[in-house]
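**Q** Copied straight from Swiss-Prot:
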- D7: active site (ACT_SITE)
- E68: active site (ACT_SITE)
- D141: active site (ACT_SITE)
- D7, D141: Mg(2+) 1 binding site (BINDING)
- E68: Mg(2+) 2 binding site (BINDING)
Amino acid sequence: MRVMGVDPGLTRCGLSMIESGKGRQVIALDVDVVRTPADTPLQKRLLTISDAAEHWMDTHRPDVIAIERVFANQNANTAMGTAQAGGVIALAAAKRDIEVHFHTPSEVKAAVTGSGRADKSQVTEMVTRILALQAKPTPADAADALALAICHCWRAPMIARMAAAEAMAEEQRRKFQAKIKAARG
């Protein structure tokens, strides 16, 4: 499975591409950070991010895109910009019929470090080890994008099992409702 990891942001938007293998084997294919100046109009910044993400999608052909879920407990302006950046990337994926999954920061940290409360340096260190990189990815947005892709590779089987279980439960509920309706006649 080929996963594009996205650490959304207006000033710096991390993009990564990971290929998963057997078990927990993951290989880094590419990583970059798209930068937009704060003094550039919002629509131009979003266009720059969208263009870069679309180029990545068309070049690398990911099977799925993993985007960090935004929380509003940050600065409101920062949260809004981060959500907008993630939104244009999700839209670009939808236009290409690429599945999108959102992961919380604590899910990502727990997946790569074992602790949902890990700091950025711990995440960067583990990403470097997991991917057997020669140097730590910089800036932190690059490491976070890689961590998001790793997280999705490792969580995807569980996500698929949960979706299958939910579908089965819904089918059983539907059949039960049909039986009740038939019995009432």
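For all residues, glycine too, the Cβ spot is worked out from N, Cα and C.
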**Q** Cβ distance under 8 Å to D7 (active site), same chain, sequence separation 6 or more: which residues?
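**A** For D7 (active site), the qualifying residues are C13, G14, E68, D141, A142, D144, A145, L148.
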**Q** In which DSSP state, out of helix, strand and coil, do we find D141 (active site)?
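**A** Where D141 (active site) sits, the three-state DSSP reduction gives helix.
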**Q** Can you check what DSSP calls E68 (active site), collapsed to helix, strand or coil?
**A** strand
**Q** What's the number of neighbouring CB atoms sitting within 10 A of the CB on D141 (active site)?
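**A** Step by step: centre on the Cβ of D141 (active site), count other Cβ atoms within 10 Å, giving 25.
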**Q** Determine the Cβ neighbour count for E68 (active site): the number of other Cβ atoms within 10 Å of its Cβ.
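**A** Its Cβ shell of radius 10 Å holds 24 other Cβ atoms.
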